[in-house]
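Inspection log for the structure reproduced underneath, given as structure tokens.
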Amino acid sequence: MSRRSRSRSRSPKRDREERKRREDRDRDRERKRDRKDRERKRRHRSSSSEGSQAEPHQLGSIFREERRRRERNESPKLPPPPPPPPSDPPVDTSIPFDVSTLNEPTKKWLEEKIVEQVSARVHQLEAMMAEKATSARNEMEKMLRAQIEAEMAVELAECKKRDEESRKKCKQLEAELERKVLEAEESRKKFEEDRLAMLEQKSQLERDRAELARQKSDMKKNEQQAILNKSGNSRAPIKFKFGK
């Protein structure tokens, strides 16, 4: 009876140990899977960093597409590659694709396909760049046109302002010139009047002097005649002697 009870008491312990071993095995399997995943990712990153090769999953998809196309068309020129054996595992796109395993026709087709896709992508990028350049050029032309129009509007406003100021100044100068011309005309008229008055005065003075000289001459003649009349005879002219 005591032996049975001891065997029952050891049973849960064995169960715990067995569960622990199973958990350890599961952890080991998970660690191995993690290591494999990390190694696969590392290989994938190293293969994707090469600039001269295409992406592995793209090459694999291109190869499968070509294989299906060959199977459908059954072209006699390029025989399709042999199908993989049934025991092969499914293709993992994360593993780098080895081009050296393909035959020459498939390699040639694959190269043409890659060149075709690269050329199409290049043409697409060139078209996008040309469209962007055209859009940028149109936008630049629009901005320049608006800037030039604004500058021309400012220049036109300044020209109008300067023209208005010039017209005002010309009017002022014309008015000043007319005023000075009138003043000069008045001065000329006054000078002419003064000159005529002076000429008239000069003529009057000359007439007065001539009249005075005539009167003086007449008076002298009268005096001489009176002297002659008193004496009755003519006598010698009186001589005047100056000095001793």
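Heads up, residue numbers simply count up from 1 along the chain you see.
Every residue, even glycine, has its Cβ placed from backbone N, Cα and C.
Swiss-Prot has this to say about the protein:
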COMPBIAS  1-11  compositional bias 'Basic residues'
COMPBIAS  12-31  compositional bias 'Basic and acidic residues'
COMPBIAS  32-46  compositional bias 'Basic residues'
COMPBIAS  63-75  compositional bias 'Basic and acidic residues'
COMPBIAS  77-89  compositional bias 'Pro residues'
COMPBIAS  213-223  compositional bias 'Basic and acidic residues'
COMPBIAS  224-234  compositional bias 'Polar residues'
REGION    1-104  region 'Disordered'
REGION    213-244  region 'Disordered'
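Secondary structure of the compositional bias 'Basic and acidic residues' (12-31), assigned with DSSP and counted as helix (H, G, I), strand (E, B) and coil, comes to 20 helix, 0 strand, 0 coil.
Helix first, then strand, then coil: DSSP counts for the compositional bias 'Basic and acidic residues' (213-223) stand at 11 helix, 0 strand, 0 coil.
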